[in-house]
Structure formats: C-alpha cells, structure tokens
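What TrEMBL records for this protein:
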type     : residues : note
TRANSMEM : 31-52    : transmembrane segment
DOMAIN   : 101-513  : domain 'Major facilitator superfamily (MFS) profile'
TRANSMEM : 185-202  : transmembrane segment
TRANSMEM : 208-230  : transmembrane segment
TRANSMEM : 242-265  : transmembrane segment
TRANSMEM : 271-290  : transmembrane segment
TRANSMEM : 400-420  : transmembrane segment
TRANSMEM : 432-450  : transmembrane segment
TRANSMEM : 488-508  : transmembrane segment
REGION   : 522-547  : region 'Disordered'
C-alpha cells in the first residue's frame, strides 16, 4: 500500500522497506552462520554438569597403615540392596564396619563369614574419606570435594544454582537488550562467560564453584536469547524461519554432541572447562562482523543508524539501495517499555501466562548407562527433531505444530513407565522418542514466541517466557529422587504435564504468515478476546512544518497511525 500525504505521518513496513536486499545474499549468509556459531558454546555448557559432576563408583577408604588381614580388608564394606539393580546386593557407598571390631577379629585370627556373622558387626560412616574409581573420570567436582553420601545433595543443588542463574539471566537480559541494544549485551555476556569460566577453573571450594556456576548460567542464557532475537530481526521472513528453528538448535546440538566427545578424551573437570573458555574466546571476534538490529534502532528512533546498516548490507549484497529507505521523520525516540508492559496490555498478558505454563514441562527423563554414550545419543536425537521443527514451522500452523509436538512427547514419556523392566531397549526407544518430540516443541517455542511479541518488547518477552520455564529446570535435578519412591512417578508426572500443556497451547494466537509486529498494537489478539477499536498505544508524530518535502511515500501492510494536520 502506498500513501502520499502532505501530513505529519510516520508508518514503516520494515519487511517491504528492506525487501530490495533479497532473502539470501552474502550479508544474510554472514549473519546466519556467524550467529549460529555463537550457539555452539551454549550447547557445550548447558548440560556440562553431567560430566563436571560425574559420580564414579566409590566406597569408604581404609587407612593404609591399618593392620588388617587381606580377608578382613576385603570384607570391610557391608553389602546393601540396590533398588536401581532390582534389589541386588552391592557394596555400601557410605558405610563400613567399625574398624576397632575388624582389628580385633583380624588379630584373633577369626575369618569373616566363617567365624563371624557380618550382620552382627556394627557399622560407621566413611570417617577417613572415600576411594573413587578413576576408570571413568580422572577428576570431577564430586571427587574433588567429596559430594557423596551426606554431601550428595550438593550435586543437584549445583545444577539448580546454574538453572537459577539462567532464570535470573532470562529475566534481566531481555530488558537490558531492549533498552541498550542487542549487539552490546550479546558480546558483553560472551566476554563475561569467558572470564567467569576462567575463574571457575581455579575454584578453591565448592561454595566458590557454585557461586560462579550461578553467574555462568546468568550470562550463558543472556547471550543465547539476545543472539536468537538479533538473528530473528536481521533476517528476512523465510530465512528467519530457518534460523529460529533448525539453525539455532542444530548448532546448539552440535555443541551438545561435542560435550561427551571432549569429556571422553579429557576426563578431568578443569580441562573440560578450559575447552568451554576457549570456545567463548573464538566467538568474541564476531563482534566486528555482526551488526546491530535495524528494527531495534528504529524502535529507538535511531533512523540514520538503522539506514546505515541497511545500506552496508546492500553494498555487501552488491545491490543499489533506494534513495530513501526509512522516513527521517522517525528520528524520535519512542516510548520506553519494560517487563511490566507484558502484563499491562490484555493481548500480551494472556500470551505470557500461557507460554509460562507450558514451558514448565519441558523436561525429559534421564537415560541410564554409559554417560558419554547417553549424552551423545541424546544430542544426536535432537538433530532430526530440529529439522522437523523447521519443516513444521515453514509450512504448518504454529499452534498445531507446537500442540502436536508437546502432546506426542507427553504420550511417549508417559507410556515409557508401562514398559516391563526386562525390556530396557524398548524403554529407551520410547524415552528417546519422547525426547525427539519435546526437542521439536522446544525449537518451535522460541521461534513462535519471537513472532508473537513486538520489537519494542521482543527480547523482554522471550526472556520472561524463558524465566518461567527455568522453574522446571531448577527442580529437574531433584526429579530423579522421585524414582526412589516409585520408578513410574517421574514418567507419569512429566508425561501428563507435557501432554496437558500441548492441549493448552491451542489457546495461543496464530502467527503463521504474519509479519513481525513492531508495536504493541500490531500484536495478534488472544483467541476469544475482542480487539478494542482504540489502540492500546499511540506514537506521536513529529511536526514536519517547514520541511521542503512535498509528499512522503510509505509502504505498509497494516496501518496504525496518528495524523496531526497543521
């Protein structure tokens, strides 16, 4: 639509105004691949606790100078039932027989199990520490600070602190990005991630480690969310769909797949963190090759800076730009927005609450067995899942794509607990099918959220939604303890919640085929909500009296304006 008016008017259809750049020129290719590369370190660190906090087989240590016969030294650890192995008897990890009794029996020449009934021998804790099996790990934070037995709660607490940092980062990064820009916040948090990891390598205590782990989660999710939004705003509609689903997630999965490979060859938690730090260092030079979001600059009234970026993109693509790309009359800072606006406007409030609800259930059950193989298998499963998410997002309804993926994930996770224990391969198959479906939904959720919210609040909204989802992440490390009461309970809860939220997601508005909203009034309404005739937000237009321009040519697909006649 073209409008020629001698009035004070400011309307811009960003997609139409920049369509001359094309969809897949050298500029877009550079943005796509460089931003995708920045997600690899996130894939490396997101689940690093699997190996940083690996718990090898262990038993109570016996002092080397202890005068015990070989028979009593071999029988110093009592046997206990192991529920995870069907009640088989295994050596205790947290108790030993009292050494004073063992020494008396050894000195008198009595034999264990022959002359002495071991069930009558008193027990005590591991007063001299633990012996760890180093065949799987050379060193982890568990072996470093003895996070076993009475101290075992510290391992899941470490993971919860990391996800607590992600919650905090999700909450503040979006607001900082919407206020100060995408690019500065993205690279500032990448630099902080490198520094924090470097300091964490030299942690002298568990408290120091976990405090830094909290900060690491905060900055890690910040650069992830900001880079996601930056790519969504820099790229055109078709490439944006590929980037926000398959692109981001596949490179994240690449980092995830590298994690078990590096852990397998290094086997030491400090050396593993060195690789995390180096991966972040590689991303820092990207600062000079990635531009700020023109959409964000326009939302701040910085028209000249936005136009300079578009003209540079045209130069890289070897395209002659038009004389006027954006109206200079837009060079006025718009009303500032913050997280409170997410709940102030009816069309945003419903979206936020619904997204927050289904984000809580994005957790899958942990696999049992070799941790290196399981982690790699879990990452490999995500690759086709993210490919499917792009296909669904490219050609299918957003609501149906998200709902079907969540419901399928919940179904497979739920029926996993119905598989007989003697069929572990079938159980793992269903578990991985559930992981596949939930991974597909995870990729769709981020891209869908970016389409629902306007530029003035997009990063804040994605951060707020991610904040809500981290509540589930924080409690996830403790979900495994439900299995001590009932093996089926984690599957029942996670499967039911995921399927339920799949149904609830049908209440979200549809954004398929719609342009990205720029202001709050451009948002899609929640189904069943009537749109008010008067817009929730108006933006005052600068006076053009005295300017020599005879008319203003504007492209738009949906008109939201205020006209002031002089």
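Cβ coordinates come from backbone N, Cα and C, glycine included.
Contact count against the transmembrane segment (488-508) (Cβ pairs under 8 Å) is highest for 432-450, out of 208-230, 271-290, 432-450. The list of residues near the transmembrane segment (242-265) in space but at least 6 beyond its ends in sequence, with Cβ under 8 angstroms from a Cβ of it, reads 32, 35-37, 39-44, 46-48, 50-51, 227-228, 231-232, 235, 272, 275, 279, 371-373, 375-376, 378-380, 382-383, 385-387, 389-390, 393-394, 439, 442-444, 446-447, 450. Here the domain 'Major facilitator superfamily (MFS) profile' (101-513) returns a mean pLDDT of 78 for the predicted model.
Ranked by Cβ pairs under 8 Å to the transmembrane segment (271-290), the stretches 31-52, 185-202, 208-230, 400-420, 432-450 are led by 31-52.
Packing against the transmembrane segment (208-230) from elsewhere in the chain are residues 35, 38-39, 41-42, 45-46, 141, 145, 154, 157-158, 161-166, 168-170, 172-174, 176-177, 182-183, 185-187, 189-190, 192-193, 196-197, 199-200, 244, 248, 290, 293, 446, 450, 458-459, 462-463, 466: each is 6 or more residues past its ends and has a CB under 8 Å from a CB in it.
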